[in-house]
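Heads up: the structure comes next, in structure tokens.
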Amino acid sequence: MTRPELGVCYYPEHWPEDLWADDARRMAEAGLNWVRIGEFAWTRMEPEPGKLDFGWLDRAIDTLGQAGLKVVLGTPTATPPRWMLERHPDMLAHDRQGRPRGFGSRRHYCFSHEGYREECRRIATLLGERYGRNEHVHAWQIDNEYGCHDTAISYSPAALRAFRDWLARKYQSPQALNRAWGNVFWSMDYDSFDQIGLPNLTVTEPNPAHVMDFRRFSSDQVAAFNRVQVDALRPLTDRPLLHNYMGTGPTHTDFDHFDVGADLDIATWDSYPLGFLVDRVSDRDEAFRLDFARQGDPDFQAFHHDLYRAVGRGRWWIIEQQPGPVNWAPWNPAPLPGMVRLWTWEAIAHGAEAVCYFRWRQAPFAQEQQHAGLLRPDSADAPALAEARTVAEEIAQLGEVRPALGHAALLFDYQAAWAIETQPQGSDFSYWTLTLAAYSALRRAGLSVDILHPSEDLSNHAMVLAPGLVFMDDALKARLAAHEGPVIVGPRAASRTPDFAIPVPLPPALPGLDAQVARLESLMPGLDLPLEGGGHVHRWLEEIEGDAERVIETTDGRPVLMRAGGLHYLAGWPDVAGWDRVVDHGAAEAGLETLALPEGLRFRDTETHRFAFNYAPRPVQWDGQVIQAAGVAWWEKPSV
Amino acid sequence: MTRPELGVCYYPEHWPEDLWADDARRMAEAGLNWVRIGEFAWTRMEPEPGKLDFGWLDRAIDTLGQAGLKVVLGTPTATPPRWMLERHPDMLAHDRQGRPRGFGSRRHYCFSHEGYREECRRIATLLGERYGRNEHVHAWQIDNEYGCHDTAISYSPAALRAFRDWLARKYQSPQALNRAWGNVFWSMDYDSFDQIGLPNLTVTEPNPAHVMDFRRFSSDQVAAFNRVQVDALRPLTDRPLLHNYMGTGPTHTDFDHFDVGADLDIATWDSYPLGFLVDRVSDRDEAFRLDFARQGDPDFQAFHHDLYRAVGRGRWWIIEQQPGPVNWAPWNPAPLPGMVRLWTWEAIAHGAEAVCYFRWRQAPFAQEQQHAGLLRPDSADAPALAEARTVAEEIAQLGEVRPALGHAALLFDYQAAWAIETQPQGSDFSYWTLTLAAYSALRRAGLSVDILHPSEDLSNHAMVLAPGLVFMDDALKARLAAHEGPVIVGPRAASRTPDFAIPVPLPPALPGLDAQVARLESLMPGLDLPLEGGGHVHRWLEEIEGDAERVIETTDGRPVLMRAGGLHYLAGWPDVAGWDRVVDHGAAEAGLETLALPEGLRFRDTETHRFAFNYAPRPVQWDGQVIQAAGVAWWEKPSV
Amino acid sequence: MTRPELGVCYYPEHWPEDLWADDARRMAEAGLNWVRIGEFAWTRMEPEPGKLDFGWLDRAIDTLGQAGLKVVLGTPTATPPRWMLERHPDMLAHDRQGRPRGFGSRRHYCFSHEGYREECRRIATLLGERYGRNEHVHAWQIDNEYGCHDTAISYSPAALRAFRDWLARKYQSPQALNRAWGNVFWSMDYDSFDQIGLPNLTVTEPNPAHVMDFRRFSSDQVAAFNRVQVDALRPLTDRPLLHNYMGTGPTHTDFDHFDVGADLDIATWDSYPLGFLVDRVSDRDEAFRLDFARQGDPDFQAFHHDLYRAVGRGRWWIIEQQPGPVNWAPWNPAPLPGMVRLWTWEAIAHGAEAVCYFRWRQAPFAQEQQHAGLLRPDSADAPALAEARTVAEEIAQLGEVRPALGHAALLFDYQAAWAIETQPQGSDFSYWTLTLAAYSALRRAGLSVDILHPSEDLSNHAMVLAPGLVFMDDALKARLAAHEGPVIVGPRAASRTPDFAIPVPLPPALPGLDAQVARLESLMPGLDLPLEGGGHVHRWLEEIEGDAERVIETTDGRPVLMRAGGLHYLAGWPDVAGWDRVVDHGAAEAGLETLALPEGLRFRDTETHRFAFNYAPRPVQWDGQVIQAAGVAWWEKPSV
Ligand SMILES: [Zn+2]
Ligand SMILES: [Zn+2]
Ligand SMILES: [Zn+2]
């Protein structure tokens, strides 16, 4: 890995051409290395069908490149021009109510529409042919924020046709599908694939197996859509291909980011800590939200950094970093002074190759006119620019930052998220929220974490956590059972077969662990069960049968954490104090030292350094050192 | 009446045929007498249109019967096969938004669709011909849970056609309808019945008279739909016909259960105390809900037992009894140990001929895979099976249980529920919630209650309560005025004419009672008025003019309970303490002894015994005896 | 101005003709002068297309006139008959979901439908021809409550056609529109006006410039619709034309009331203080709502009086005054005794020429059967009648009431409301709520206020407040800067160009005031910033650059109120205590004495008197005098 770099998103088409050179100069002067352009500019590239205009783009790339900036060029397929709808009137996605989702903003296409896919192949090819070997174009972004605005799932006629084909390929016969789904249950059998509908607008809930297949199908369509452009660009360029994921969180799990990532070279994500605190962090109370309103959740960003490092198989960026108030959350406060620097350094400490700010100059017009940039609309410096400059200088002093292996591994599987959304059983059960709760407990203990897909090698991590892994095959179970250090799985582990049925023998059926979910219950807010020794279980508790050793119990004697050797089963959803106990137990078994960090303080270790981030809105002390609100500190890593 | 019996719901079509005999044996061994089958199995009975397959059903009935079980056979009309839609593409109900409610779950039909009615007649006739005289088939269930999933009301083209016909039959001329509805109000007059629409999607609220007629029509369509199958089966069997009502509560009042019951022999209902506590009991606070989260509301079930005893004209069952956590409520906790026994005994004490558990083995697939059964998915005993077995043994010891006449009568009228839903006037005014509040007060006082349709003979009851009876004709008023003991009517008594107008003279216009509602007000939460002597009025208060004797007043002198002889008018909605005072007053006049039962304890008297049920999650004391949490006790009834 | 008068709304078509004379006699006896009729009676005027029946109306007018009453005759265009839809099946408005809003209540038309406009011209002409010179018809009401039930905005095909035409007239070319809207932003450019859709059902939010133009268009359509009837009636009558606005509040800003008012002679509004407290006053907490549940917000009505005095260019009425509980709010309590008198006098003190109660006799049928009148459904006096009679007697004693110039001016602009609804940036930012907060602070200080359109002459007012004025042109800025007394503008002042872009130089760019909004933030509930010296800023705070004098700051040194000479900029949203400080400061500069009125007490000065209104539910003291709950007092105005 080379030294971390900074960058910015830029829209030359929004500004008079005579501003470009000065903008480029100021970017370079501030210490930025990268500039992303082009991803919404289809009408400028192709004002009329087939009438291409790349002259402006040639000049923009040249101007930026001459200033020493490396260009990320985006394909503009998230914003098909209005004329595209004249050619493909049926290309729109449909919402859950069955209505077309119309023109007038962005992402107005259905991933299943073959005609639009062909148009995307065409424009990507044209761009690849023109710029694939351009000396200034150092990377390519495909499309923009797949799935954002709930667009990964479409109930359109195009999606219906494709879903039937997908099912036919998977099941080969309606009878096989009927058996797999258990359609006998309410006489829901189909005689032909053409009778199968999308699982919206049914009288009461549809068969969860039906929904689960539709979720898998929808995710596959995103990956297939993306692959069309990958396939078009690969022969035309040697530069890395990336996509900018709009994070994951509880609401953006609609396609498998690992699947899309498998076809790409770098995973990048769009990090908006303040907006996400309001609309994606659902597990914390009002006081917490207010305390962190100008800093963001202390673990949300870090979780995503670790996740996308896995999605990118080690290579990842932030390609859009919030630089100030945004326009899209219910409320949009300004970050505390220092937070832009803090967010940037947190990403770098997690191994980001680059952190790019969104955007250069705040646009005074259209949808995002209240979205801050590094420049104000009047071209004056916005506060974030100084913080970016500071980071650039600090990087220059610090040099390379090599990510270290995390102390613990946390497994993450998008299919588990779909399964739980399909069948929450308790209204507040969210897979992502559960995994963030586990992750936060690891962070509160001062540990650095690697997030891994379940298929990854786990042998390098002293401790493995795998909450909520609904689907576990025998091979995965065996690998976990064979792991050297402590492994903690559950709740809901291995609770469904691939066909979305309850397996028999009952879950989790882990090798060597005598514990079986005899019954389970979801618990409304307030129906908590205290744990012997501190903490509570809330939201979810399974009744376990079996003689596995009990590590943590409720005060009325129900097992919550059980073990056989290093393999543990967690039978409920602990609260914050409960999670701390689970992590403390696992860390002790793993021989990992845990810390009692003050509220808001977080650590991340690199190969050489320990970085400390104070998310609290007040100074904290650590080891005799005061770290200011929004402060970042680093020191040589203690030898273990 | 014979001794009470137990039973279970079973789906032979869900399991390999080689399991059936052992299942049947285990049912019988556990002390179960009844087994309900068939109600969702249309695709197994008729896999293709006209191609019938009853062989498996013959064998299933025979296997169950051979084990000593009596079969309730269901008609499968709640789950029309997918091929039915090829024959009747317009058979679907439409929702309030006008959208068809599609295939993929159940109850996907409009009650008004003539073609589908004909199909139901056909399948019921086929079943009746084959099994009407079968020695093992001892009862018939028609369809399943009419109205569940909001299906009693449909806004389909079929419903529109039928509604216009219904109106034409009722009013004979558009002019008569215009007069009855008061269409002059906003120039809403119709020139022809073909101009009349369904009362959805109007600009602002439609004429309440329009809505009320649509509600009556919709209820009539359910009764007519049911009658088709009754008429088909009657000539073919001598066994009793029943339907399984999905309870009533605040949300399942969309058709008149008495009307449907009039064509049947037994009323049965589906009792899910924990799910219903969450989604149907709206009058109690969070602390109450949490205290009873694993037991259910102490009065909700009893209310329904008494209601369906009336609907069944004395003959009633629970045909689906919750045996553990269910899958459909927002949260699904597990019952306290003992609650399945308690619920069963409460039903028996109220005169249930049978209590059947839903279901035998938990299905590992499809929509209800998280719905507990008497067996787990792996065929091991679930906790409820032991409790059912205990009840069977206790029944064997106790012998017959003959219901006694209740101390008090409570009148219940589905039309009143529709009237108040049509015109709540205060957002939290629910007819059912009001009647449950009255019922609960009677239960807290230790009284046993009979729920009666207003048309029933009231002369056997020392005290009559009739809250919220919007429609009262002169004959009913006269009968109530002539009643020997105390009668308490109101609020909202007799407040609308049959045409849904305010009557003049103003309500309640009760014979001999000088009290008139001069004005009324609905009260937002917090705007309570204290009562002189304790308790409050909330939600609703009428300003009364007239010289009737004031029994209870607000502290600022507004009359709340007034009387003339035994006839009382209640002018507001009392809170819990207020209702206790109303009941105490009535009971004192009636010469009924009231008790001060501890929180959660409830009594029900049979001819010979007093049964005690402890719904509290902690032991209670009564008369020197400790009754455990979820405990049931009975002793010889004190002679009065 | 002559002495204030009272009146009532009456529906002769609802009652037997033999009641009319007695009704008229009772009206006159009670001291009423005006009676409004006819506005919903289209089917009685024209039972079949072209078949007119005015005989009953002739007789009704005559009967009322003979009793000494002056008639306001309404055109019935808010309630097109059912047969109208046979002639114009496409005349219905469509909701945001794209669904037609059907027949069965009222206001079922789209303002853009040319065919329906023509029908309105026809019926208005017929009425004008027949009654334009009738001696008893002293005023005309056009239509009823434009925009009520969200009807000002329609997404119908008729609206779409008209919107495209409107855009074509405004922009002349799609290219000009693309530039103005900034459609380059997400490749949203149009090649033709026929490609432009309505801004509903887009994938994510549409371009705010698109929305803003649609809002302007929608408002223009209302004004144009109204003008059709004005143009029809003007040649036929010399009597004043009026419309009854359903108030403004936060929810009824969908068209520019000033624009419609410009074509009329008198502005009237419909005042329902108790219903509006529940559904329109969003800025106050639960305790406040309960305290004022039976009186209404102490400033809501007064604000509207002052607003419609401006809309009517000095001439205004209340044409519908709540006389008791209404039927349409979520809860409908009864007013405290005395409130009907208080509300009436408050209107008179603000210069109302007439106050008419809605309605005479409570209708026992149809949608509003629970809406109180001056008579009960049984024709007995309802409580409000006595209060109206009292006011009539008091007017007789007091004689003329001449409104005085207010101490302060508050500017109000409907376009600002649309702008903020288009782009709230914080979920609880409502233009109207902000202006009411400013207005209330003025009232709490004992000041009388004039509300003015920004285009009005401001030179007569010592102090001018202009919160939230999103659009300010250079001329307005210059006028404000030149004003003699203190002028307080902001927050969000001049924050958008007419094309809905952020202006550069950055706002507010006020002449001579060195203050610039460098950045802004919206603040979730709880994220308040305390002000040095008392009060808080909440909801909204702008970061100001510039050297203008700081008058009020946050405790951490952020400027909130700045000034240069008399021109002030307010950079945030103060809470109640903060607004008091802003007003105190301005008043001090203006040389206005402020008072510390007790909670609930309000003053309004006329030319000769000071009126005092006690909205509190308890007595208050002022200057040694006790004013009872719901009490009104007046005394000679102190000389200044
Ligand atoms: Zn362990
Ligand atoms: Zn009494
Ligand atoms: Zn000043």
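Glycine is treated like the rest: Cβ placed from N, Cα and C.
Heads up, TrEMBL stuff is auto-annotated, nobody curated it.
Every protein chain considered, the tally of other Cβ atoms within 10 Å of the Cβ of C:Glu145 (active site, proton donor) stands at 20. Under the heading active site, proton donor, TrEMBL lists C:Glu145.
Summarising the annotation, TrEMBL assigns active site, nucleophile to C:Glu320. For the recorded site, C:Glu320 (active site, nucleophile), the DSSP three-state label reads strand. All protein chains shown were included, and the count of other CB atoms within 10 Å of the CB of C:Glu320 (active site, nucleophile) stands at 24.
The local packing around C:Arg106 (substrate binding site), expressed as other Cβ atoms within 10 Å of its Cβ over all shown chains, amounts to 24. Summarising the annotation, TrEMBL assigns substrate binding site to C:Arg106, C:Asn144, C:Trp328.
Long-range neighbours of C:Cys110 (Zn(2+) binding site) (same chain, six or more residues apart, CB within less than 8 Å of its CB): C:Met91, C:Leu92, C:Ala93, C:His94, C:Tyr116, C:Ser154, C:Ser156, C:Ala158, C:Ala159. The DSSP secondary structure for C:Cys110 (Zn(2+) binding site) is coil. The feature Zn(2+) binding site is assigned by TrEMBL to C:Cys110.
Taken from TrEMBL, the feature domain 'Glycoside hydrolase family 42 N-terminal' applies to C:9-397. Note on the domain 'Glycoside hydrolase family 42 N-terminal' (C:9-397): its mean pLDDT in the predicted model is 97.
The domain 'Beta-galactosidase trimerisation' annotation in TrEMBL covers C:408-592.
Applying an under-8 Å Cβ distance to chain B, the recorded positions C:Arg106, C:Cys110, C:Asn144, C:Glu145, C:Glu320 reduce to C:Arg106. It is C:Trp328, among the binding-site residues C:Asn144, C:Trp328, whose Cβ has the fewest other Cβ atoms within 10 Å in the structure shown. Cα separation, C:Glu145 (active site, proton donor) to C:Arg106 (substrate binding site), rounded: 11 Å.
C:Asn144 (substrate binding site) sits 11 Å from C:Glu320 (active site, nucleophile), taking the C-alpha atoms as the reference points. Cα separation, C:Arg106 (substrate binding site) to C:Glu320 (active site, nucleophile), rounded: 17 Å.
The substrate site in the record is lined by C:Arg106, C:Asn144, C:Trp328, and its two most distant CA atoms lie 17 Å apart. Cα separation, C:Trp328 (substrate binding site) to C:Glu320 (active site, nucleophile), rounded: 15 Å.
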